[in-house]
Amino acid sequence: KNLCFFVAGTWVTASAHIITAVIGSGVLSLSWAIAQLGWIAGPMALVIFSIITWFTSTLLADCCRDPVSGKRCSCYMDAVKSNLGGISNKFCGLAQYVNLVGITIGYSITSAISMAAIERSGCFHKEGHNVGCHVKNNKFMIIFGIIEIILSQIPNFHELSWLSAVAAVMSFGYSTIGLGLSIAKAVGGNQARTSLTGTTVGVDVTSWQKTWNCFEAIGDIAFAFAFSTVLVEIQASPPGFNGKTSIHVIGMELQDTLKPNPPENESMKKATLVGVSVTTVFYVSCGALGYAAFGNNAPGNFLTGFGFYEPYWLIDMANVFIIVHLIGAYQVFCQPIFKQVEDRCFNRWPNSSFIKESPPIKLPLFGVYSFSVFRVVWRTGYVILTIVLAMLLPFFNAILGLLGAASFWPLTVYFPIQMHISREQIRAFSWKWIWLNFLVLLCLIVSVLAAAGSIATIVKDLSTYEPFNSVS
C-alpha cells in the first residue's frame, strides 16, 4: 500500500486514493486476528480502529496548513513542525522512518512467503494433498533481495506513473481472490470450528498463547488501518497546481493534490469517511469470511491456507499479485530512506568524489544512466540488511503486529490530536482536553499491549527457531 496515484483532485478521487492506500498486505492477517479474538471482539476491534482512524484523520485534515502563514504543508512532518514545533517534528520523523524500515523488512517476509506458497501449491497439485511439500523461504528472500537491489538503482523510482495502476490492480486482485476462495470454502461443506471468543484455551492454545495472541492480533488490525503518513500528501499541493493529484509517502516531493475549492480539508474529511467506511466493510468481510473458512486454525496469511485446495492456478495468481505489489511497495517505502541518507551525506561531505560523482553511462534500451558508486554501495547495503533481518525474524504476524503497534499510536493518534489541541487552543483540563488526552492514553495502552504481544511471540518463536532456516 501507500503508492502513487494520478487522477483528478476531488474528494471522490481522494477516497479512491485512501482505499487503495489502506488495502494492502495487512488484509492477509485479518482472518487470523479474528480467530484469536472471536466473532464478537474481532469485528468489533476492526470497527473501533476504523472509527478512531476516521476521527483522528478528520483532525489531521484541519492541520494541513501552517497556523500562522496559512501555507499548505507538503508532508506529515511539515504539518507537525508547523503546529507543534521542532522537537515534535524530530520525534515524528523518527517514528516514520523506523516504521518505513520495519515495513521494508515486513514486505521482504511477506513476499518470500507468497513465493514459497506458489511452489507449495504446485507441489500439492502434482503430488497430492497428503505430501508435506515444505520449502525453505530463504532462497525466495534472496531472490526478492536481488530484484530490489536492481530496482533501487533506478533514480526516482517512486515517480513512475504506471506504479499506481499496478498497485491498485494487485492489491484489489489478491484481496478479492482471497475473499472469493473464503466464500467457496465456507459454503463448501466441512465447516471449520469457530466460536464467539475465538481460539479455545486448552484445545487450540494455552492460556499464555491466548493472551499474547489477542494482543498481537490487535497490532495486526492497527497495521491494516494505518494510512496517516499519506493523508497530508493527498491533501496538500505545491505551487503550480494543475488539477491532478498524487500520493507520495513521507520524504518525497509532491506533484499535485486536492483542488483548493471547495476547501481541501472539507474534501478530505468527506473522502476519509468514504474511504475508511469502504475499507472497513472490505476488511470485516475478508476477516470474517476467512475465519469462517478456516476457523480457529486460520493461518497467519490467509492466502497461504488455500495451498491445499484447487484451483491451484487461482491461488498462484493471488500470490503473484502479492509479490508484484510488494516489489513495488518496497521501493516506495525505502525511497524516503534513500533520499534522507543521501542528502545528509551530500551535505556533510560536499567535496567527496565517492559521494558526488555520477558519470553518465549509455545503456542499451534504457538511454543515459547516471551511475553513482555511492548510490550502488549504500542502496545495495540497505537492501541486504533488510533481507538479513527478514531471515533472522521471519515471523509474519508478529512483525505486522509490532509495526502496527509502533506506528498506530504516534502517527495515527498522538500527533493529530496534539496538533488539534494546539491549533484550536483548547484550554488545559477542559472537558474536551480531558477526553482527547484520555483517548491518547487509551490508545497508548493498546499499542503497548499489542507490541508486548508481538514481542512475546517473537521471543517464543526464537526459542525454537534456527536462524536462516525458515520453512513454509
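Our numbering is plain: 1 for the first residue shown, then up by one each step along the chain.
Glycine residues also receive a Cβ, built from the backbone N, Cα and C atoms like all the rest.
Per TrEMBL, domain 'Amino acid transporter transmembrane' is recorded for 9-237 (among others).
Cβ atoms under 8 Å from those of the transmembrane segment (32-55) belong to residues 194-199, 210, 213-214, 216-218, 220-222, 224-228, 272-273, 276-277, 279-280, 283-284, 287-288, 290-291, 294-302, 397, 412-413, 439, 443 of the same chain, restricted to positions at least 6 beyond its ends. Per TrEMBL, transmembrane segment is recorded for 32-55 (among others).
For 140-156 (among others), the entry in TrEMBL reads transmembrane segment. Long-range Cβ contacts of the transmembrane segment (140-156) within its own chain (Cβ-Cβ under 8 Å, at least 6 residues beyond either end) map to 108-109, 111-112, 115-116, 323, 327, 330-331, 334, 338, 370, 375-376, 379-380, 382-384, 386-387, 390-391, 394.
Positions annotated as transmembrane segment by TrEMBL: 162-184 (among others).
Residues annotated as domain 'Amino acid transporter transmembrane' in TrEMBL: 248-458 (among others).
TrEMBL lists 273-294 (among others) with the feature transmembrane segment.
The annotation transmembrane segment is assigned in TrEMBL to 314-338 (among others).
For the transmembrane segment (384-412), the list of distant contacts is 25-26, 29, 32, 52-53, 56-57, 76, 91-92, 95-96, 98-99, 101-106, 108-110, 112-113, 137-138, 141-142, 144-145, 149, 215-226, 228-229, 300-301, 334, 440, 443-444, 446-448, 450-451, 453-455, 457-458, 461, 467-468, 470: same-chain residues at least six beyond its ends, Cβ to Cβ under 8 Å. According to TrEMBL, the feature transmembrane segment maps to 384-412 (among others).
Here the transmembrane segment (433-459) has Cβ contacts under 8 Å with residues 52, 211-219, 222, 393, 395, 397-399, 401-402, 404-406, 408-409, 412-414, 417-418, 420-421, 426-427 of the same chain, all six or more residues outside its ends. According to TrEMBL, the feature transmembrane segment maps to 433-459 (among others).
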